[in-house]
Amino acid sequence: MKQYLDLMRLVREHGTFKSDRTGTGTFSVFGHQMRFDLAEGFPLVTTKKCHLKSIVHELLWFLKGDTNIRYLKENGVSIWDEWADGNGDLGPVYGYQWRSWPAPDGRHIDQIANVVNMIRDNPDSRRLIVSAWNPALIDEMKLPPCHALFQFYVADGRLSCQLYQRSADIFLGVPFNIASYALLILMMAQVTGLAPGEFVWTGGDCHLYANHLEQADLQLSREPLPLPTMQLDPDVKDLFAFRFEDFELVGYQSHPHIKAPVAI
């Protein structure tokens, strides 16, 4: 995960100080890209321990089209708690946009199912895109999407994906996002009969919060360890049939967890 540490180091050394919505302050650079070849291992950060359970359950929750934190809470995942209302609702966030984008004529568009079908039927299409950024509904969302749009690409029997992340919390958020989209590629590849290719991460406002600098320095002092592998139950052929038990992370070694506050 040298790519990730290089981004963190870039922002730590050359980031511009900016105010932000949370009042915490950030050091930021604009525009950065990282590439991860999934044949080289599963890109889960090793310079601190990452909570894979939260990553997997959050992705399954997105794919269900769910926008209430009840499922997450039932599975011991608290990463969305701070933004939910008293009923656990988050408004029309990721899952709603991915699975039920509202059209002007009253239809609801299942972007994920459409992309699965297009990958199978027309893999050379340049329209293999899913967007979570719906300007008409941004004000109804408790937190507008940070990872806003992603595109799949098929070449030589391999499925790749590029994400555009408008807002990238490098210390806390980005390791989750990298692992989540890498896992989505593995799942999509399996159900479409392709091999996993690359995950390309493109960031807009890439930032370290001002109260994460000591944690970033500690992480930068650590040497990356070999990447693990992720095994999926090969019998699952329907993207929406995956369960938590269908994933096994093999060979994950990491440095200890580093605690840091979440900016709300």
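Just so you know, glycine gets a Cβ as well, placed from its N, Cα and C.
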For the dUMP site that Swiss-Prot describes with ARG126, ARG127, ARG166, SER167, ALA168, ASP169, ASN177, HIS207, LEU208, TYR209, which of these is also annotated: ARG21, ARG35?
ARG21
I'd like the Cβ neighbour count for HIS207 (dUMP binding site), meaning other Cβ atoms within 10 Å of its Cβ, all protein chains included.
29
